[in-house]
Amino acid sequence: MDKKQVTDLRSELLDSRFGAKSISTIAESKRFPLHEMRDDVAFQIINDELYLDGNARQNLATFCQTWDDENVHKLMDLSINKNWIDKEEYPQSAAIDLRCVNMVADLWHAPAPKNGQAVGTNTIGSSEACMLGGMAMKWRWRKRMEAAGKPTDKPNLVCGPVQICWHKFARYWDVELREIPMRPGQLFMDPKRMIEACDENTIGVVPTFGVTYTGNYEFPQPLHDALDKFQADTGIDIDMHIDAASGGFLAPFVAPDIVWDFRLPRVKSISASGHKFGLAPLGCGWVIWRDEEALPQELVFNVDYLGGQIGTFAINFSRPAGQVIAQYYEFLRLGREGYTKVQNASYQVAAYLADEIAKLGPYEFICTGRPDEGIPAVCFKLKDGEDPGYTLYDLSERLRLRGWQVPAFTLGGEATDIVVMRIMCRRGFEMDFAELLLEDYKASLKYLSDHPKLQGIAQQNSFKHT
């Protein structure tokens, strides 16, 4: 062994990671690396880069969970090499998946299934769940039109201000999206404008039970009743899919009297995010159908399971089973009682923030985080005609300097001149943490008041409100 080899071996065995040769170079970013390096050095490089991400706990823009207990991490680790799609190889994980489907269907008042198993599936998130619900709507509509001898080349979907996944669905599956635009004084889909957009080519109506822009609910029951009258007048029968990405795991616990789910006969499917207020880690969504008739069988594929076969309906295939396992853990750990306590705590924080922020400026609130109003979000704008000497963009920028990611953005449709700020309250953002936000909020206002030349210069930032 020559001297260089000895030196290299000593470096490999004895050097600390910060004294290692490989850490003295810039990590490759454009070409596949030629040489290997020590695992601790590779980890250190990546770990250090991740410090440049924002602090997830201070991210008040996201709807997604940013806190998970230690047991969730353990279960995710145990399941990291189990492929969710392989039902035959991992039958117990598949059984847990089916249990979760039954539990969610029960939560949303689905009719009792004939064979004891509810109709639904886990997804990578609510966006995939929406895609699946939309596909089933289109297939059901096409069957009806073909049976009536009518053309099927111009399907349309009616909705209010929706998350971007519905725009993707419409484009990918060649469906005209008739989105009822936001306008001042009418920020959500209302029965009158909905009916004006419907015709015999409407595959379905999609209310958003927790609008991404503001947090308010689009209440399905008035829309449902309007569709009943529309059918009585025209003979046209239109289904509903409820996009309950956020509200699906809130209203059942904190506002059970809101009739939004399968208690409404036109509701054929519901989608929701497990990783939002379902409290699961990222990568978990659910879609449930009313019954077997609501899910066209030509969309279902059968795979081997316990010597027999089980139907699957998904866009994604290989992925870890950990998200489903973690969701089941949360269901077992918390139950209805625990979910009610956790969600109520988020609403209490939202109400406190709304009350305190109202004292700090000329604000008009669109959502105050009440359980009968929407999800635990606080959304507000500057009152018309008021000029406090700063914009909400300025305020958002100042808060970000303290680590808080609080989005300011324009509304959509015909309301693009309205700028709002939205604060999401969720598990892990407790009252004491909210008080720290308020202190930084007040400090930001003082700074903007003390430095008037800086006011109004912040540009619309890149926050994604959805």
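Glycine too: its Cβ is placed from the backbone N, Cα and C atoms.
DSSP assigns Thr62 (substrate binding site) to coil in the three-state reduction, outside any helix or strand. Marked as substrate binding site by Swiss-Prot: Thr62, Asn83.
According to Swiss-Prot, the feature pyridoxal 5'-phosphate binding site maps to Ser126, Ser127, Thr212, His275. DSSP assigns His275 (pyridoxal 5'-phosphate binding site) to coil, not to a helix or a strand. Sequence-distant neighbours of His275 (pyridoxal 5'-phosphate binding site) (same chain, 6+ residues apart, CB-CB distance under 8 A): Cys64, Gln65, Gly125, Pro281, Leu282, Gly283, Cys284, Gly285, Gln323.
The N6-(pyridoxal phosphate)lysine annotation in Swiss-Prot covers Lys276.
If you look up Swiss-Prot, you'll see Lys446 (among others) marked as N6-acetyllysine, on the strength of experimental evidence. Reduced to three states, the DSSP call for Lys446 (N6-acetyllysine) is helix. Its own atom aside, the Cβ of Lys446 (N6-acetyllysine) has 11 Cβ atoms within 10 angstroms in the protein chains shown.
Per Swiss-Prot, the feature N6-acetyllysine maps to Lys453 (among others); the stated evidence is experimental evidence.
Annotated N6-acetyllysine per Swiss-Prot: Lys464 (among others), in sequence order.
The binding-site residues examined here are Thr62, Asn83, Ser126, Ser127, Thr212; by Cβ neighbour count within 10 Å, the least packed of them is Asn83.
Note on Lys276 (N6-(pyridoxal phosphate)lysine): other Cβ atoms within 10 Å of its Cβ, all shown chains, come to 28.
Per Cα geometry, Lys276 is the residue among the recorded positions Ser126, Lys276, Lys446 nearest to Thr62 (substrate binding site). Mapped onto three states, the DSSP output places Asn83 (substrate binding site) in strand.
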